[in-house]
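Student: Have a look at the structure that comes next, please.
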Amino acid sequence: MKKYSICIVGGASRYTPDMLAMLCNQKDRFPLKKIVLYDNESERQNIVGKYAEILFKEYYPELEEIIYTTDEKEAFKDIDFALMQIRAGRLKMREKDEKISLKHECLGQETCGPGGFAYGLRSVPAVINLIKSIRTYSSECWILNYSNPAAIVAEATKRVFPSDYRIINICDMPIAIMDIYASVLGLKRRDLEPKYFGLNHFGWFTHILNKKTGEDYLPKLREILKTPVDVQTEPLFKEPSWKATFEFMSQMINDYDEYLPNTYLQYYLYPNKMRDKENPEYTRANEVIDGNEKETYGRLREIISLGKIRGTKYEITSDVGCHAEYIVDLATAIANNTNEIFLTITENNGAIQNVSSGMMVEVPCRVGSNGVEPLAVGSIPTFYKGLMENQYAYEKLSVDACLEGSYQKALQALVLNRTVVNTNIAKELLEDLMEANKGYWNELR
Ligand code: G6P
Ligand code: MN
C-alpha cells in the first residue's frame with residue numbers, strides 16, 4: 001500500500017492534537033510516511049510539535065518523518081495532501097468579530113452575519129497566499145480545505161484557482177448532524193446516505209437513506225426531532241452552546257413542514273432571537289478561549305513534561321478523533337479512487353437545476369482521483385431558492401469586496417446578509433470592522 005506525506009496547515013490549532021491521534025488510529029486505512037505541521041505561530045507550533053513527537057514515537061513508530069515548522073518551503077515540499085484549517089487572526093479576532101456585531105445589535109457568530117463577513121475578509125487573503133505557496137512547492141498535492149468561513153473561502157478559491165480541481169472545500173457540520181440522526185435511529189452514520197442541498201452552513205437534508213435498503217428515515221427523524229433531543233455525540237458538541245443549538249433544531253422542524261435543516265440556519269431564520277441569547281461581554285470566542293483551548297494546551301504541556309502518553313491518563317483510545325475522521329475518509333476516497341459520496345462545497349454546474357451554474361453549493365458529490373463531481377439534485381422550491389440566491393449574492397459580494405478592495409461591495413454584502421439588512425447599521429459595522437481588521441483585511445476604498 002502506498003504511504004502518503006501530509007501537511008497540516010494550521011498545525012498549531014487546538015484541533016490538531018485529536019487529529020494526530022485519529023491519524024494513528026487510521027494508519028491501516030491511510031498509511032503515512034511523513035507528517036508535517038505548519039503554522040505561522042512558532043510558540044504554539046512547538047508545543048503541538050513536541051506533543052506529536054511523543055505521540056508518534058509511541059503510537060506511530062512506522063512513520064518515517066515528523067516535521068513541525070514555520071517555514072513554508074520545508075512544510076510544503078513533497079507532500080501528497082495539505083489539510084488546511086487556518087484561523088486568520090485566531091480566537092482574539094473572533095472575539096472582536098462577535099463583540100463588534102453585538103455592539104451594533106446584530107448577532108455575533110463565527111461564520112454567520114457580520115462576524116462571518118469579517119472573518120471571511122481575513123481568511124481569503126491568508127488562504128490564497130498559502131495555496132500559492134503550496135503550489136510553488138507541491139504543484140499537484142490535494143488541498144483539503146476546511147478553513148472557515150468555508151462558503152466565502154470556497155467562492156474565493158474557485159475564482160483565484162479556477163482550474164485547480166485538487167482544491168476541495170468541505171465542512172464537517174453535515175457529518176456532525178448525521179451523527180445525531182444515526183444515534184437517535186440507533187444506527188451508525190456510515191449506514192446512512194444523505195440527500196442534501198444548499199450553501200455551506202446554509203442547507204437542508206431532503207432524504208436520509210439507509211444505504212442498504214434505501215429506506216428514507218427523514219419522516220421518522222422529523223417526528224423524533226420535533227421534541228428537543230439530548231444529543232449523544234462527541235465532546236465538542238456536548239458544550240452548553242452546542243447543546244442549545246441542537247435543541248433548537250426542534251423549533252425549526254416544528255416551524256417548517258419539510259426537510260431537516262442544517263443547524264446554522266437558526267442564525268438566518270431567527271437572527272434576533274439568536275442575538276438576544278448572546279452575552280455581549282462573554283461570547284462563544286471567550287468560551288472557547290477559556291475552555292477547550294486552555295484545556296488542550298494545558299494537556300499538551302503536561303504530556304510534554306511527562307515525556308510519555310502510554311501509561312498515563314492521556315492514553316489514546318481507539319475511538320479518539322472521530323470528529324476529523326471525515327478528512328481521512330475524503331483523502332482515502334481520492335487516493336483509492338473509490339467514488340464515495342461526500343457533501344462538499346463545489347461549483348453547481350447544473351446539479352441544482354434552477355440556480356446559477358457558478359454558485360458554490362454544498363451537495364452530495366462523487367469523490368475520486370479526478371476530484372469532485374456533484375450529483376443531480378433537481379429543482380428546488382421557491383423559498384429555498386430565494387434564501388440561497390440572497391445568501392450567495394452576499395457571499396459573492398464579500399469576495400468581490402475583498403479581492404477588489406471595494407467599500408461599496410462590502411456595504412452591499414452586509415446589507416444583503418439576513419442578519420444585518422439595515423444600511424445605517426451596515427455602515428457603522430464597517431467602520432468598526434475596518435478599524436479592528438487593519439493588517440488583516442485588504443484595504444477597502
Ligand atoms: C462546526 C462547524 C465549523 C465550526 C465548528 C466550531 O464544526 O462546521 O465550521 O468552526 O463547529 O465552532 P465552535 O463555536 O465550537 O468553535
Ligand atoms: Mn463548518
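Keep in mind that glycine also has a Cβ here, set from the backbone N, Cα and C atoms.
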Student: Record says Arg94, Arg284 bind substrate. Source is TrEMBL. Which of Asn40, Asn148, Asn339, Asn348 does it list for that same site?
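Tutor: Among the candidates, TrEMBL records only Asn148 at this substrate site.
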Student: Could you list, ordered by sequence, which of these recorded positions: Asn148, Cys171, His201, Tyr264, have a Cβ under 6 Å from ligand 1?
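Tutor: Checking each Cβ against ligand 1, the ones under 6 Å are Asn148, Cys171.
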Student: Under 6 Å from ligand 2 by C-beta, which of these binding-site residues make it: Arg94, Cys171, Arg284? Sequence order, please.
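Tutor: Among Arg94, Cys171, Arg284, near ligand 2: Cys171.
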Student: If the substrate site is taken as the center of the Cβ atoms of Arg94, Asn148, Arg284, which further residues of that chain fall within 8 Å of it by their Cβ?
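Tutor: Apart from the listed residues, the neighbours are Arg87, Leu91, Asp97, Glu98, Gln109, Glu110, Thr111, Gly115, Tyr119, Ala285, Val288.
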Student: For Asp172 (active site, proton donor), what is the tally of other C-beta atoms lying within 10 angstroms of its C-beta?
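Tutor: Taking all protein chains shown, Asp172 (active site, proton donor) has 17 Cβ neighbours within 10 Å.
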Student: At a 10 Å cut-off from the C-beta of Asn148 (substrate binding site), count the other C-beta atoms across all protein chains.
Tutor: 22
Student: Are there residues of the same chain, six or more positions away from Tyr264 (active site, proton acceptor), whose CB falls under 8 angstroms from its CB, and which are they?
Tutor: Thr111, Cys112, Met173, His201, Phe202
Student: Which recorded positions from the set Glu110, Cys171, Asp172 come within 10 angstroms of Asn148 (substrate binding site), judged by C-alpha positions?
Tutor: Glu110, Cys171
